[in-house]
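Chemist: Here's a structure for you.
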Amino acid sequence: MAGCRGSLCCCCRWCCCCGERETRTPEELTILGETQEEEDEILPRKDYESLDYDRCINDPYLEVLETMDNKKGRRYEAVKWMVVFAIGVCTGLVGLFVDFFVRLFTQLKFGVVQTSVEECSQKGCLALSLLELLGFNLTFVFLASLLVLIEPVAAGSGIPEVKCYLNGVKVPGIVRLRTLLCKVLGVLFSVAGGLFVEKEGPMIHSGSVVGAGLPQFQSISLRKIQFNFPYFRSDRDKRDFVSAGAAAGVAAAFGAPIGGTLFSLEEGSSFWNQGLTWKVLFCSMSATFTLNFFRSGIQFGSWGSFQLPGLLNFGEFKCSDSDKKCHLWTAMDLGFFVVMGVIGGLLGATFNCLNKRLAKYRMRNVHPKPKLVRVLESLLVSLVTTVVVFVASMVLGECRQMSSSSQIGNDSFQLQVTEDVNSSIKTFFCPNDTYNDMATLFFNPQESAILQLFHQDGTFSPVTLALFFVLYFLLACWTYGISVPSGLFVPSLLCGAAFGRLVANVLKSYIGLGHIYSGTFALIGAAAFLGGVVRMTISLTVILIESTNEITYGLPIMVTLMVAKWTGDFFNKGIYDIHVGLRGVPLLEWETEVEMDKLRASDIMEPNLTYVYPHTRIQSLVSILRTTVHHAFPVVTENRGNEKEFMKGNQLISNNIKFKKSSILTRAGEQRKRSQSMKSYPSSELRNMCDEHIASEEPAEKEDLLQQMLERRYTPYPNLYPDQSPSEDWTMEERFRPLTFHGLILRSQLVTLLVRGVCYSESQSSASQPRLSYAEMAEDYPRYPDIHDLDLTLLNPRMIVDVTPYMNPSPFTVSPNTHVSQVFNLFRTMGLRHLPVVNAVGEIVGIITRHNLTYEFLQARLRQHYQTI
């Protein structure tokens, strides 16, 4: 497999998940990205490993296929359906656990503080009430921060990490049991601590962890939990279950099983088929109805009523029976919705821009410092948020008249929604029959505040709504990214709902549009702002429709989200894509830009290969594995034929051979071409060295300077054949000699063969080599042994390993002339990790990895392409 070396790849100074990486600790940030032209700065990047989504069809796998019949196939499929159902049920139970304790802690906190405020408002001891609120919030946030110290990947919503995992990037620790425990417990405390975060977004990450861990029936964190379960021992199977778990998390959070399925398709999975669609939808349904069953029973005491489908419920949107002029929305309102979509996109782009700058500041000034600094930052955010909420509720609120009518439906669910709206009204410092509008929004759980904006018949002051929006916008932006488990869906919905309600108030009070329904504008405002932040369209439309249970909102929500996305995309990316980029994850988008088709596979591949032979000595394998970090190696043989004799005496044959040679791309030729292009596009290292020698070297020596530098940088390939002797004077053709490609073998497979003693003596036939079954090869999944932990004294370096039974003899390959768009589509849709480039005569000339298809790498190659035209 190919690595990327800074001296050879002038367009790219960093190494990626599948290429050669520099030695560093996982916590260390290294400057790996290029200078960003729009910001003129270098972003820190990390090395990431890719996942093996491509199936390795080797001899052990074929042996399993030989024993497979229709009966076993049906049993395997039945087990998969049962596992999918279990994932949905467990995800629903996780949501139930989170919701129960968040409600418990929040009610306890607000109950104590509200009682204190009511008593101290007359005694003049409001400072004591503020201290009580600070005590609750700081304690909860401190506990949430401690849990993130235990498992740092539990911070945030986890959606960017899950998106990367489904895209094929292995994010360390993302789907571990310890991560799930820290995530679930941490989100309890962060939400109860009054931070402007939510519990619904982290449900996606929690569901993904359940989906990844449950089918394995074992845990790294709890090593005693070990079951001999023979199924689903590959990244390919785990990816499908993670997709189902992520969809189940969305379904449990919003009561939207179809929206969850579309979310998994739109935002995550790069590979999809009809069978997976049914399983993901079934998993989402299982999660929704599990949560619905238990929540309805616990809150209403009516088991089996299924009245609370998700953690977040918007209630029923319905005009008052006494208002005959009211309509949920009209055709004329669509114009206002489009304008709101534009404003929502602008606000979302502003939010993302500010949060990106904050994230960069944290990466440079907070994360490199001791971990205690992260805890202190979280406590500072909690302190400021608590003071702002308390002071704004006490000082900036206005007393508004309570509505004389209530929207009470015929069903118990709508009655519950109405009771929640009425019971969450806060009357701080207001006379009878009035309420404090600012305190009603700030001194309630976010879900209750959203219901107030959606369904409260009473009015909110435009000044209050504007102040609430500004304060909430800034604090939510500051909060997202601190070291606590958090989410952004509900804060964005609440912020957008305030914006929409403000628009409705302005239209009613100053333009005289009395027919409009304020709840509709609050919903559209919520959709506009959320769409401007996350840039989701299809899945978010369905999620909001399912949450409102009102299909007539389909058109305005879809139009608003599309306009918000188009507006926001003009300025920057969505919030999750921004954080993926800041982490340096080599995420592959859905497709490449049209301009990239000017490049071909030969332009982006890595010709400097590290390879193995079909029969290789143990000493050579150990040397290769210990001196490189590549995750796959081409299995090759050398071409030693001499075609010069055939070219004598027959002009026809001579011309045919010359044509064949001219049409076949070789690694030496490609390397020489790149060496020439580097003279016109030198790296700083080459430029400095050239400057040092420019005065003393003769013209002939100048031309060979780059060649000499490149040859000195690379040591000859390890000697694997006894009749070859290493030479420091190898030419480019000798170093990049033709190699016939036979297949790919993974690092994990080679290490497994060495650990299990799969080899044979030189005096024996390769048939005497022990054979491993498919189950034995996958026994150590997902954490295979490391070559550096291998006891070399137990190995005979002269023994030979026959890798041919265990290599993949038929991986996907491309021609050197394949356009980049074709390479990209094949790589992404098939979930590949390595893509060999093979010429017309079966010789491998390079290899393409995820790194070679990232936007930064392709842009750099395109610039180099323009330089050489």
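Each Cβ is built from the backbone N, Cα and C atoms, and glycine gets one as well.
For 605-662, the entry in Swiss-Prot reads domain 'CBS 1', with the evidence type sequence analysis. Here Swiss-Prot flags 807-868 as domain 'CBS 2', drawing on sequence analysis. Residues or ranges marked as intramembrane segment in Swiss-Prot (evidence: similarity to another entry): 159-166, 241-253, 257-265, 519-533, 537-548, 549-552. Residues or ranges marked as motif 'Selectivity filter part_2' in Swiss-Prot (evidence: similarity to another entry): 198-202. Look at Swiss-Prot and you will find 487-491 tagged as motif 'Selectivity filter part_3', backed by similarity to another entry. Annotation source Swiss-Prot lists transmembrane segment at 81-113, 128-150, 176-194, 200-217, 277-294, 335-364, 371-392, 462-481, 487-511, 553-571, citing similarity to another entry.
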Chemist: Apart from its near flanks, which chain residues at least 6 from the ends of the transmembrane segment (176-194) lie with a Cβ under 8 angstroms of it?
Modeler: 94, 97-98, 101-102, 105-106, 109, 133, 136-141, 143-144, 147-148, 150-151, 153-154, 158, 202, 205-206, 209-210, 213, 219-222, 382, 385-386, 389, 484-487
Chemist: Do you know the mean pLDDT across the domain 'CBS 1' (605-662)?
Modeler: 73
Chemist: Restricting to CB pairs under 8 Å, which listed stretch, 277-294, 371-392, 487-511, is in contact most with the transmembrane segment (335-364)?
Modeler: 487-511
Chemist: Thinking of Cβ pairs under 8 Å, which stretch from 241-253, 257-265, 519-533 has the most of them with the intramembrane segment (159-166)?
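Modeler: Checked against 241-253, 257-265, 519-533; highest Cβ contact count belongs to 241-253.
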Chemist: Mind checking which residues reach the intramembrane segment (241-253)? Cβ under 8 Å, same chain, six or more beyond either end.
Modeler: 83-84, 87-88, 91-92, 94-95, 162, 165-166, 175, 199-201, 203-212, 214-215, 232, 259-261, 263-264, 268-269, 276, 279-281, 283-288, 290-291, 310-312, 489, 539, 543
Chemist: With the transmembrane segment (371-392) as the reference, find which of 128-150, 277-294, 487-511, 553-571 contributes the most Cβ pairs under 8 Å.
Modeler: 128-150
Chemist: Report, as numbers and ranges, every residue of the chain located at least six residues beyond the motif 'Selectivity filter part_3' (487-491) whose Cβ falls under 8 Å of a Cβ in that stretch; write 'none' if there are none.
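Modeler: For the motif 'Selectivity filter part_3' (487-491), the far contacts come to 157, 159, 187, 196-202, 253, 312, 446-447, 450, 472, 476, 479-480, 530, 533-534, 575.
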